[in-house]
Amino acid sequence: AEFERTFIAIKPDGVQRGLISEIVARFERKGFSLVAIKVVIPSRPFAQKHYADLKDKPFYVGLVAYWSSGPVVAMVWEGEGVIKYGRKLIGATDPQKSEPGTIRGDLAVVNGRNIIHGSDGPETAKDEIKLWFKPEELVNYTHNAEKWIYGDN
């Protein structure tokens, strides 16, 4: 199996609404492995760094304020196709355009409060993981259920 890692964050609105276990459960049920998790309140400069690619957008200032408004659950998930599938699991950026069954489609209502972030590609995933976690915070292990998820048994 060709494993990769992705950065997933539950935004302050998702944390405040008590959606942590629901979101974690969806990634676990799919068969992905959680390799790092922590709860942080990002500083404004840290949030600016996370969204540096969007600094010219009109919504940038509000986005940074939102991200630094409360606790964020930062996670790294591992598995085959986890970046692409993680995005599918999350749903469209705008919850109104998200399919039912996706995290945003089921749990979020408006674009400005869409509860979750996921890396959009391999390079972004590497950069975001490096920004949010020290290498020693990432745990390497083989999940007991792996042979039942991927085969080869």
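The first residue you see is number 1, and the count goes up from there.
Cβ from N, Cα, C; glycine included.
Swiss-Prot annotations:
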ACT_SITE  H117  active site, pros-phosphohistidine intermediate
BINDING   K11, F59, R87, T93, R104, N114  ATP binding site
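Of all residue pairs in the ATP-binding list (K11, F59, R87, T93, R104, N114), the one with the greatest Cα separation is 21 Å apart. Cα proximity to the residue listed as 'active site, pros-phosphohistidine intermediate' (within 10 Å) is found for the following binding-site residues from F59, R87, T93: R87, T93. The DSSP secondary structure for the residue listed as 'active site, pros-phosphohistidine intermediate' is strand. Neighbour list (F59 (ATP binding site), Cβ cut-off 8 Å, at least 6 residues apart, same chain): G112.
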